[in-house]
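Student: I grabbed these lines from TrEMBL:
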- A:GLU167, A:ARG211, A:SER355, A:ARG359: L-aspartate binding site (BINDING)
- A:ARG211, A:ALA212, A:GLU213, A:ARG219, A:HIS220, A:LEU221, A:GLU352, A:GLY400, A:LEU401, A:GLU402, A:ARG403: ATP binding site (BINDING)
- A:GLU352: Mg(2+) 3 binding site (BINDING)
- A:GLU352, A:SER355: Mg(2+) 2 binding site (BINDING)
- A:134-429: domain 'Aminoacyl-transfer RNA synthetases class-II family profile' (DOMAIN)
- A:189-192: region 'Aspartate' (REGION)
- A:LYS82: site 'Important for tRNA discrimination' (SITE)
There are 2 protein chains.
Amino acid sequence: MERSLVGDLKSLPDGNSVVVKGWAQEIRSLKNLVFVVLRDSTGMVQATFKRDNFPDMDMLSNLSRESVINVEGKLNLKSKSKTGVEIEATGFTVLNVSESPLPLGIIDPVEADFETRLNNRFLDLRKPAKASIFRIKSSLIWGIREYLHRQNFVEVQTPKIVAAATEGGSDLFPVKYFEKEAYLNQSPQLYKEILISSGIDRVFEVGPAFRAEEHNTVRHLNEFTSVDIEMAFSDHNGAMTMLENSVKNGIESVLKASSKDLETLGLKIEIPKVPFPRISYEECRNIASANGVEIPFGEDLSVEALKFIGEKFHDFYFIVDWPSSLRPFYTMPNEKDPRYTNSYDLQYREKEITSGAQRVHNPDILKKRFIEKGLKAENFEFYIKAFKYGMPPHAGWGLGLERLLMILLDLPNIREGTLFPRDRTRIVP
Amino acid sequence: MERSLVGDLKSLPDGNSVVVKGWAQEIRSLKNLVFVVLRDSTGMVQATFKRDNFPDMDMLSNLSRESVINVEGKLNLKSKSKTGVEIEATGFTVLNVSESPLPLGIIDPVEADFETRLNNRFLDLRKPAKASIFRIKSSLIWGIREYLHRQNFVEVQTPKIVAAATEGGSDLFPVKYFEKEAYLNQSPQLYKEILISSGIDRVFEVGPAFRAEEHNTVRHLNEFTSVDIEMAFSDHNGAMTMLENSVKNGIESVLKASSKDLETLGLKIEIPKVPFPRISYEECRNIASANGVEIPFGEDLSVEALKFIGEKFHDFYFIVDWPSSLRPFYTMPNEKDPRYTNSYDLQYREKEITSGAQRVHNPDILKKRFIEKGLKAENFEFYIKAFKYGMPPHAGWGLGLERLLMILLDLPNIREGTLFPRDRTRIVP
């Protein structure tokens, strides 16, 4: 007989014969009965065993928690058990016995510390509220990808082993690549721009990116999932439209496919209205100033300043027209006033989600910007070359998937949305 | 006015005002006229400029090939130009001037050597037949992902920086991870199995995988795109069903979204019929033997043997029940005859696409297999632990996306289906 998922039992006819497979979360032995709460990825069901019907009942009643079992029986939808549905068992098989004690309890009311949880991630994720985060993450990236696919973006794969630092700086992990020294890529930025020069027009990539940042914070990972787009013949306004719609479609996908998981987490998420408001950097400085926080021109908006701005423009909004000093070398200066750039940050309340911009497409301006930023142009020859032979105007963004997830689900630590986080001290599991 | 894509012009009304943007592939100057063949990602169109209407016509007629331009004009669908459609130009803007000569010709009838092409990949990809490969690749992975999504697989991201070798052996790239020695992951195998123990039930990942193989061949990459699934409470038969349907859905997606690209490549691809035939390893030995090729038990099927098998079972088929000696430590031995395993290879004619299996889920058998294969169990403690506390039976596969693409499009070299290949000597661009 084919396996039924626990979550589907309620929609089957009462009295049906069923087979369920999962983990024995609880086993209670009474004189004549044994109750097992079986958990699978979709929910929990109580299975009731009459001792008289099973000569090998001791095997089950003595089974350790979290062992994997197969239960056959008759569906009872009128059950008063706490799982709402019950199976009157007619047979069982033990598929794998768990050792005990467990290094991490699944149903303990007190949560273990985060290090213990991460060391035993496979047990931590058996708690429905932890697994829900990752089903939501999957729905989120599906929705983003589906939107980009519909907008005729070509999904690409660019190399993670590279010879030069994308963003300059020293936050690089060195790789021994045969006889050569190489690095793990910090961002697909340079490669997606090269692809714009190839005429593919619209590209996106979802892949790992690596930053050797030495400090541990709750908002940073040393390995994260970067969602990147780049589009030819467009500017920051075109890229912002793609970004707000990608986020919107991602959230719609979560609501559609993962409503049960949101419920498990006790969260309500609303579909944001597009377009998101656009507020200029100067406007933000003014709001801050009106609240007694002075931001000198060319300096980043402080946490304090963003608090006031976030109060005024809640939920999603863009901060646009950032000063040149705050943006990377490939950002397009504003044509009217080059102290500013054609750039934006996507914000959620006081929190920055991601940033993007129109890019420089003129190779001479690009070289000048390299020098201004103190970078060695000769390390980027393979990149600058793509600008010399017909690079169209272009724009794009890079979005940290875990950052977006953290903000949407209000997670206290970005690692909660990362299956196996990598940080200053952690490479196992 | 909004930009039109060249490929869409034919469906617009004759005489319409249009704007197109792209590369000046050819510029021909006559006494009274200048013809420009403009190319974008969707096709080519001829734009005709009457000299009398443009005081700055010399700027255009002297423009270097592959410069990026914007052309406005009136659509002429009755044109006899070789592009089929013509624009009677009323205006133009030069968006970026190309240097000349080009390091690689776009329309040269003689193809440059592959090294030159890869060094100038951004120009190489301007040739429609080269870019088509990557649009097809995007459609292919979309179709595979869409099928898995529909089958309730959760898309996951597992770490690429790891502390232990997945497959054992020495084909690892070392990474300096702060004070620690780490490696680039060869495969998400161990992580997706750990996730099966977490109860997520069905997981898949599309991401880079790294193999420090020292030999250069036309079938291997040192960095490739691995498509991996793992499913709980299933065996090799269940995993094969997912694999054949993923491939079928991928091909259907290519036919639907990239038929023009297949045309550009001069290829016809048929939707394969599922289920694919299953042929046992022993049956393959017999076929080889009948053709005079003897394969001793426990040895791999030779190229010669696979030729005869591929002739008999053309297109897609599975070779199943491989001997234990030929499979990795995590492969499930056959319950009836442990000399064999519950494993399979997916083949296309004489070529191997990928392999998969039911996995060992019993921690004791797993440890025994570690020892048999000469691996140090202590390096895999984080992995074995996930088997001790309730690991369900499970199965899966890992598919090299570039290998599948190479076989589908009959590419002479796997690098043709890789934007920026990494091999023994190449890390730039």
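Backbone N, Cα and C define each Cβ position, glycine as well.
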Student: Would you kindly list the residues that approach the region 'Aspartate' (A:189-192) from elsewhere in its chain, counting only those six or more residues past its ends and only Cβ-Cβ distances under 8 Å?
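Tutor: That would be 156, 158-159, 164, 166-167, 203, 205, 228-230, 330, 380, 383, 396, 398.
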Student: Counting by DSSP, what is the helix, strand and coil composition of the region 'Aspartate' (A:189-192)?
Tutor: 4 helix, 0 strand, 0 coil
Student: Quick check for the class: what is the C-alpha distance, in angstrom and rounded, between A:LEU401 (ATP binding site) and A:ARG211 (L-aspartate binding site)?
Tutor: 15
Student: Considering all pairs of residues in A:ARG211, A:ALA212, A:GLU213, A:ARG219, A:HIS220, A:LEU221, A:GLU352, A:GLY400, A:LEU401, A:GLU402, A:ARG403, annotated in the record as contacting ATP, what is the maximal C-alpha distance expressed in whole angstrom?
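Tutor: Comparing all Cα pairs, the maximum is 20 Å.
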Student: How many Å separate the Cα atoms of A:ARG211 (L-aspartate binding site) and A:LYS82 (site 'Important for tRNA discrimination')?
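Tutor: Rounded to the nearest whole number, the Cα-Cα distance is 47 Å.
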Student: Compare the C-alpha of A:HIS220 (ATP binding site) with the C-alpha of each of the recorded positions A:LYS82, A:SER355, A:ARG359, and give the closest one.
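Tutor: Closest by Cα: A:SER355.
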Student: Closest to A:GLU213 (ATP binding site): which of the recorded positions A:LYS82, A:SER355, A:ARG359, going by Cα position?
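Tutor: Closest by Cα distance to A:GLU213 (ATP binding site) among the recorded positions A:LYS82, A:SER355, A:ARG359: A:SER355.
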Student: When you measure from the Cβ of A:ARG403 (ATP binding site), how many other Cβ atoms are you left with inside 10 Å?
Tutor: 22
Student: Using DSSP, would you call A:HIS220 (ATP binding site) helix, strand or coil?
Tutor: coil
Student: Would you identify which of the recorded positions A:LYS82, A:ARG211, A:HIS220, A:ARG359 has the most other C-beta atoms lying within 10 angstroms of its C-beta?
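Tutor: Checking each of A:LYS82, A:ARG211, A:HIS220, A:ARG359, the winner is A:ARG359.
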Student: Tell me which residues of the chain lie with their Cβ under 8 angstroms from that of A:GLU352 (ATP binding site), as long as they are six or more apart in sequence?
Tutor: A:LEU306, A:ASP345, A:LEU346
Student: On the 0 to 100 pLDDT scale, where does the domain 'Aminoacyl-transfer RNA synthetases class-II family profile' (A:134-429) sit on average?
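Tutor: Across the domain 'Aminoacyl-transfer RNA synthetases class-II family profile' (A:134-429), the average pLDDT comes out at 95.
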Student: Rounded to a whole angstrom, what is the C-alpha distance between A:SER355 (L-aspartate binding site) and A:ARG403 (ATP binding site)?
Tutor: 12
Student: How big is the Cα-to-Cα gap, in Å, between A:ARG403 (ATP binding site) and A:LYS82 (site 'Important for tRNA discrimination')?
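Tutor: Rounded to the nearest whole number, the Cα-Cα distance is 36 Å.
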Student: Do you know offhand how many angstrom separate A:LYS82 (site 'Important for tRNA discrimination') and A:ARG359 (L-aspartate binding site) by C-alpha?
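Tutor: Cα-Cα, rounded: 58 Å.
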Student: If you count the C-beta atoms lying within 10 Å of each candidate's C-beta, which of the binding-site residues A:GLU213, A:SER355, A:LEU401 ends up with the smallest number?
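Tutor: Minimum Cβ neighbour count within 10 Å, taken over the binding-site residues A:GLU213, A:SER355, A:LEU401, occurs at A:GLU213.
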